[in-house]
Every structure is written in C-alpha cells, then in structure tokens.
Amino acid sequence: MKKNLKILVITGGVISGIGKGVTSASIARLFRYDFRVTPIKCDGYLNTDPGTINPVEHGEVFVLDDGGEVDMDFGHYERFLNLNAKSSWNITMGKIYKKILENERKGKYLGRTVQLIPHVTDEIKSTIFQIASSENSEMLIIEIGGTVGDMENILFIETVRQIRHEIGSGNIAFIHLTYVPSPAGINEQKSKPTQQSVKTLNKAGIFPDLIIARSSQVLTDQIRKKVAMFCNVESNSIIDNIDVSTIYEIPISFYKQGVHEILSSKLNIKVDPKIEELSKLVGVIKSNFFVPKKIINIAICGKYAELDDSYASIRESLVHVGANLDLLIKSTLIDSNDLNESYLKEFDGIIVPGGFGGKGYEGKIIAIKYARENNIPFLGICLGLQLAVIEFARNVCGILDADTEENLLKDKPLKSPVIHLLPEQKGIKDKGATMRLGGYPVILKKNTIVFNLYGQDRIIERFRHRYEVNNDYIDLFEKNGLVVSGFSSDFKIAKLIEIPKNKFFVACQFHPELITRIENPAKLFLGLIKACI
C-alpha cells in the first residue's frame, strides 16, 4: 500500500438509485488532475459480476477493455475521469465469497473456523489494498452500492471502518449521499429520512465528514441547520445535489460549493480541479437544453425499454455529440416488443441497440426496414448489426427464411443461418463471462463511411457477443449493395456493415457507446447525428 494513500468512501442512504455513481465520479473528477485516482465499486450481490443480470433489473452491463463485465457506474467513472477501468476494481460479494471458499479448500486458513469477521472483511481489505498497490494509486474513491442498512452491505461498511482505524482518520473521508424528499401537497423538505440514515451509519461506527443531499431544490436554511445539528456535521459540509439538465453540471456544482476544499482540508492535501474545459461543454449543453439551436430526435428501439438505465451509455453518447455539435438531441426509448412503423415517423434517426434472446427481434427488424427503405439515418449496435443483416437478406436478397442461430429450435432446423455462432463458442455451456468480451482491433476498409469517420484503418473497440455474420453469405450481400466495411484483425469476422447508397446506414458488432467521452464523442454516433442534420 502506498504510504500517503488517501481514501474517499461514498455511501448512500434512504433509497437506492439516486446517483451514487455520478456523485462518486463527480467528486473523483475534482481530484483527477492532482492525484492518480482509482475508483472502486463494492456491490453486495452474490453474482460474480453483473454479466448475467437482466438490464431491466440492474441497468446496463458495462464492458471494459480487459473483458470485464461490471456495474454501469464504471461508465460514469470512465467518462468523468477519462480512464480505462479494470474489472478487478468492481468488488462483488460473489467474488469475495468465491475466493474465501477456494482458500478454505486449499487449507490457507490453517484449520481455523472461517467467519464473516475477520475472514470476509480481511479479504475485502486485501483486495482494496492490492488494487491500490497494483495501480500505484494516490487516491481511492470507494463507492459502496445500495443503501446503509442493507444486509448485503454490512461487511463492506465494517471493512471501511477497519480501514480508517488502520490508516488513520487523517487519510480517509466519509461522504454520505442521502435523499431529502418534498412530499406532494406538503411543499416542505423533510430531513427525518436523512437523520435516520446517518444514525444507521453511526451505529456501524462511521461518522460522515460530508453529507450530500439529493433533492429537487436547494436545501432551505432551516433544513440545513437541522441536518447539521442532528447528523453532527458543519453546515458548510452539507452539499446540495439538485436535479440538473445534465449530469456533467454536478462536478461544477460541487466545485462551486467547495467540496474539494472541504475534503482537502480533512485529508491535508492541496488540489486544483481545473474545471474550465468541462464548464465550456456544459454551457453548450445547458444553452441547448433551455433554448435549443436545433433539435434532433432519435429513436432507440430496444427490448429493455422498461428501464432508462438499460441504455445509459447510448444516451450519454448522444449527449456528448450534442455538446460538441452545439445542438439538442432528444432520445426516446421505443419498446421493440410492440413496435410498428407509425411510431417512427417523427424521428430524424434510428438506433437499434444490443440485446439477447428472441424477444423483440421482429420489432427491431421492422425499425431497420423502415430506416433502410426511407433513407433514415440508422445505427445498429451488436444485435442491431445481426438483425440488419437478417433484414437485408430477407427483403433485398430474397432469402425469406434468413435468421440467426440464436433462434434455433431443436425440432426445427434453420435453413438459412445468415448469423451463426462464433466457432470459439461451440461447446460452451456456461453463460457467465464466456462471450467474446473486451477490446479487440477492427480493420476498416478504405473509402467507406466508417473509414472516413475514424480517419484510420485500424481501431480498437469493445465487444460483447456470441454470434457473427455467416461468411458464406457475404458475397451475395455485397452483390446486392451491402458493404462489409470492417473486419477482425484476421479478416475472418465481419465487424461493420454499411449501405453506401443510403444517407447513413451503418451497423457494428461492437459497442461504440462504451468508449465515448464528452471531450471526444464516439465516431459512429457523431456520424449518425451529422447525417440527421
């Protein structure tokens, strides 16, 4: 462990889903220029990773360069800190228990009874300090998922309490994100949930140095004094985190409220957040939010439309493009399980994102057909590419029974598998972490739409798939006007397709939304929106 390591711990209270990930990333952004910051997310669920969790239940699965499937908060970490995270930074209780049980079988506990304390907490501590050591970290931002009081989080809370004891209170600060409701009909902010949440944290031996109040409006002086009194913090250590037009306002708001100064004083460090560049981009986003110079309407036709977080990175990609092109992009989720062409007529562009399973397939194909036939700018992602190929095979090449092996039924052989299983996937039965995952090179064909967008013939993008375009059909596709414009480095797997005669009809097997940055938007989203203008 680095001698002068500083640690910021972010916990949540009252309710989940109020933005701990964005809050953690925003605080980290204030320190990124002066310290080597490493974000860590602790999740109490027993899954090894979120790779097999339905996006409707937990939000999108974020894929890293190293192939790790991690919590969606890592998208915020990467975008706010402009770094490439590692899968080891996502500590799940599933990983911890798995490691402990393996150690027990190997006899590493020397015959002792294996218990939650000290063995689980020691394993969590060991993992945290190993990350700090391997990354040569100067500051750790540790976000504990869920809310204080959740049974799943008790051991993580106890672990950070022990860490404070071991490294000294001058090297660690605790930040508690809470919710201050204003019930309808009362028109008054209520501090009691915050008080109870902090008391629960106090019972676990942790006393927050900073309380961040998530609310619809700035806290009144009366509520601020009450929280300060009953939660044992100074009034200036109670920070507003109100609803904003874009999440990129939050680090600027924290900067203006002196969050970096409060934490720097606690940790005895100096920091210069350098917030100017972000402020300029946020200014563009805000001005277009309130008085847009131009509005582009984009339909996202997906099967996980019940939860906005299912496609969080796609929506962030569009925000980044809007900031750089000085316009407002409005994205609307359309459920592909119940879709017809009439839903699409008001949109300037269409995105068909990734997904798994046959549910919602045909609705997505309707959207793709509509975009192709009406020359509507279109971007297909992962499954979106596969379905674009199926639609083209059926409606242009005349292969009416074209389909994917993902829809293969044991009692009904597939006659025209234009999409089939990757060779390396055959024989694999486990679902978790077994796909083609992570960053891989893609070779671009010159004089194509995508080559002109990227300006180079070799790129690195992130993948998450089991199926690919069947090469037996590529010649037929290209004779009918579809171009395979990107391949794997061995030229065996099609990674990008496009239809040159259309304004913008591009589909990729990878996920461009996973590497977008507000300062550098993903190229395919940039191309899509430019075609819509």
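Cβ atoms are placed via backbone N, Cα and C, with glycine included.
Cross-referencing Asp71, Asp73, Asp122 with the ATP binding residues that Swiss-Prot gives (Gly17, Ile18, Gly19, Lys20, Gly21, Val22) picks out Asp73. The separation of Gln195 (UTP binding site) from Lys226 (CTP binding site), Cα to Cα, is 9 Å. Summary: among the binding-site residues (Val22, Leu385), the fewest other C-beta atoms within 10 A of the C-beta are counted at Val22. Cβ proximity to the ATP site centre (mean Cβ of Gly17, Ile18, Gly19, Lys20, Gly21, Val22, Asp73, cutoff 8 Å) flags the following additional same-chain residues: Gly12, Thr23, Ser24, His76, Leu177. The residues near the L-glutamine site, meaning same-chain residues not in Gly355, Leu383, Gly384, Leu385, Gln386, Glu406, Arg466 whose C-beta sits within 8 angstroms of the mean position of the site's C-beta atoms, are Gly354, Phe356, Cys382, Leu387, Thr404, Ile419, His465, Tyr467, in sequence order. Mapped onto three states, the DSSP output places His511 (active site) in coil.
Put simply, the two farthest-apart Cα atoms among Gly17, Ile18, Gly19, Lys20, Gly21, Val22, Asp73, the recorded binders of ATP, are 12 Å from each other.
Taking the C-alpha atom of Ser191 (UTP binding site) as reference, the shortest distance to any of the binding-site residues Gly21, Gly355, Leu383, Arg466 belongs to Gly21. Nearest by CA distance to Lys190 (CTP binding site), out of the recorded positions Ile18, Gly21, Leu383, His511, is Ile18.
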